[in-house]
Amino acid sequence: MIRSKAYYVMFFIPLVYFLVFHYVPMFGILIAFKNYNVFQGVFDSPWVGTKYFRQFLTDPYFYKLVRNTLLIGLYHIMFSFPAPIVLALLLNELKHHVFKRFVQTVSYLPHFLSTVVVVGIIVNFMSYDGIMNQFMGLLGLEPVHFLMSPEWFRSIYIGSEIWQGIGWGSIIYLAALTAIDPQLYEAATIDGANRWKQMIHVTLPGIAPTIVILLLFNIGAVMNVSFEKILLLSNGSNQDASDVIALHVYRRGLISSDFSYATAVGLFNSVIAVLLLTFANRVSKKVSETSLW
């Protein structure tokens, strides 16, 4: 009986956390449909319907904001998402346990660095007088304004995402690899399959459900780029590539105090993400029979 009460207490604490910090704030969505005034509050502010949604859709920056957000999100899926899978497959082939542990430790560490520290490292490497340009100077090449160039912004952002997340992301895939029945590899070896064919016909199908589920999560987060990193890396020169929806919400909501407009833009961003996730989930369910619901 006492043990059952302990379970209920353990369940109650996270339940209260989610109710207070996740569900109660959802009432703030009403601000998107009102001309919100701080002194009047959410419920007493006048209704304006879809005014701020229409205002955002006709904003001259609308196309650029959506384009940049989607491009960064798609590049993340194309390059950052497969990187942990590749690392997990490579680590799975390592037989030297000490070296394997060393590689895992080194690849995990960047995950625990704060975004500010990561951006500081990027600036030290990629600034005009940074390590990269100094190295290029030794090769007789002209220095490049990496951090001020829109052409380089997405590459720098995605590269830092891969470096920071590849090790931590590989943990789930390594766990999935351990669940594959060793007898399948033995049968493949008897059939004459080399390591490459074993990976194609045994390993990848074995972790396919895990890959699909995590891919769906990434598709759902395609509109949610790393706001802190983009805020710290963006400047007036690379704005054509760095100006994303999250940054626009920050400027209009926190700097300009246009809370209703910022809430409407944030809600628009969330709705697009939900639609993408729903569509991807339906496609996944039909193609692979693996889905979130």
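Just so it is clear, glycine is given a Cβ too, placed from its N, Cα and C backbone atoms.
Keep in mind that what you see is a predicted model, and the values were worked out from it rather than measured.
These come from TrEMBL:
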type	residues	note
DOMAIN	66-280	domain 'ABC transmembrane type-1'
TRANSMEM	7-33	transmembrane segment
TRANSMEM	70-91	transmembrane segment
TRANSMEM	112-131	transmembrane segment
TRANSMEM	162-180	transmembrane segment
TRANSMEM	200-223	transmembrane segment
TRANSMEM	259-280	transmembrane segment
Open item on the list: Cβ pairs under 8 Å only, please: of the recorded stretches 7-33, 70-91, 112-131, 259-280, which one is richest in them relative to the transmembrane segment (162-180)?
Closed with: 70-91
Task: Stretch of maximal Cβ-Cβ contact with the transmembrane segment (259-280) [cut-off: under 8 Å; candidates 7-33, 70-91, 112-131] - done: 7-33
Open item on the list: I need to check the long-range neighbours of the transmembrane segment (7-33): which residues 6 or more away from its ends have a CB within less than 8 Å of a CB in the stretch?
Closed with: 42-43, 45, 47-50, 52-53, 259-260, 263-264, 266-267
